[in-house]
Amino acid sequence: MLVINSCRAASRLALRSLNLRSPIATRTFSTGLALKTKDVVNITFVRANGDKIKTSGKVGDSLLDVVVNNNVDLDGFGACEGTLTCSTCHLIFKTSDFEKLPDKPGDEELDMLDLAYELTDTSRLGCQITLSKDMEGLEVHVPSTINDARAA
């Protein structure tokens, strides 16, 4: 019992001497997460009929994540949940935006895009596009027909 009481007393003394304003304490209690205002990108999805859906996503999320996380009403979009097996997250980019995308499509994505309706030279799968801060204000077009390549 004496040992327990002396441990408690030592703990209290250590807590009293802890300076919560010290850099070490600040780092210890910091989450390490970026501020929301710095890691959010505004995006507009344009339906084939011209209707615009404005939403936002976190830097590092895919365009598929943005649709799912914000409950964007795009019927059938992302049926395979980003496993590169369906082409339902087919999106069409403006040429200027397409050229700025950091990664070029891989063979698997190109194979899926071959099965997509309304394919263009600036088509990509939303599950393969990762948001970055320089995509702020991005506007992407959703084809009028969504094709699930798994049904082919």
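A Cβ is built for glycine as well, from the same backbone N, Cα and C atoms used for every other residue.
The [2Fe-2S] cluster binding site annotation in Swiss-Prot covers Cys80, Cys86, Cys89, Cys127 and rests on sequence analysis. The domain '2Fe-2S ferredoxin-type' annotation in Swiss-Prot covers 41-146 and rests on sequence analysis. Annotation comment: Swiss-Prot describes 1-29 as transit peptide, evidence class sequence analysis.
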DSSP-wise, what's the residue breakdown of the domain '2Fe-2S ferredoxin-type' (41-146) into helix, strand and coil?
26 helix, 26 strand, 54 coil
Cβ atoms near Cys80 ([2Fe-2S] cluster binding site) (within 10 Å, other residues, all chains):
18
Note on [2Fe-2S] cluster: the CB centroid of Cys80, Cys86, Cys89, Cys127 has further same-chain residues inside 8 Å, namely Leu64, Gly78, Ala79, Glu81, Gly82, Thr83, Leu84, Thr85, Ser87, Thr88, Met112, Leu125, Gly126
